[in-house]
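Encoded as structure tokens, the structure appears first; notes follow it.
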Ligand SMILES: O=c1ccn([C@H]2C[C@H](O)[C@@H](COP(=O)(O)O)O2)c(=O)[nH]1
Ligand SMILES: [Zn+2]
């Protein structure tokens with residue numbers, strides 16, 4: 001489901017999907033990486049070369065969108081499924097939301113992701129890499 005959600009992202013380089021479920025495994029939120037509401041993807045392109053317009057300055061991360069979009073009062077004790085390991089900023093928000101576990105598909109080894117792991121470890125928020133046995137079969141309606 002997180003993988004299918006990621007396909008909605010218009011980031012040409014990395015599509016990220018996030019699904020949050022409650023303790024009964026019911027989906028309480030989904031999110032993918034995209035520009036904020038009102039920032040038009042077609043006008044405000046992802047691949048601008050001007051460093052002032054670098055996508056990283058503008059994009060809302062999948063986990064952040066999922067946290068903001070939640071259809072429940074609290075994410076306390078919820079489980080997060082995300083296609084990319086959460087960056088340091090997303091890790092902060094997941095810790096503060098008091099989710100209980102993070103499952104992820106892809107890992108990265110850079111500054112932000114190393115800091116994220118350090119924070120999750122300190123906060124005792126467990127994370128686990130999962131393998132996908134097949135690519136999702138998506139019917140384009
Ligand atoms: O925690 C994260 C980290 C990154 N993302 C998004 C932000 C960007 O749209 C891409 C990463 O782009 P690269 O070109 O691969 O650096 O992933 C996210 O949603 N959540
Ligand atoms: Zn992030």
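Any Cβ shown, glycine's included, is placed from N, Cα and C.
Quick look at what TrEMBL lists:
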- 1-127: domain 'CMP/dCMP-type deaminase' (DOMAIN)
- 61, 87, 90: Zn(2+) binding site (BINDING)
- 63: active site, proton donor (ACT_SITE)
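Cβ contacts within 10 Å of residue 90 (Zn(2+) binding site), excluding its own Cβ and spanning all protein chains shown: 24. In sequence order, 61, 112, 113, 116 are the residues near residue 87 (Zn(2+) binding site), counting only same-chain partners six or more apart with C-beta under 8 A. For residue 61 (Zn(2+) binding site), other Cβ atoms within 10 Å of its Cβ number 22.
Other C-beta atoms found within 10 angstroms of the C-beta of residue 63 (active site, proton donor) number 29, with every protein chain shown included. In the domain 'CMP/dCMP-type deaminase' (1-127), helix, strand and coil residues by DSSP number 39 helix, 26 strand, 62 coil. A Cα-Cα distance of 6 Å separates residue 90 (Zn(2+) binding site) from residue 63 (active site, proton donor).
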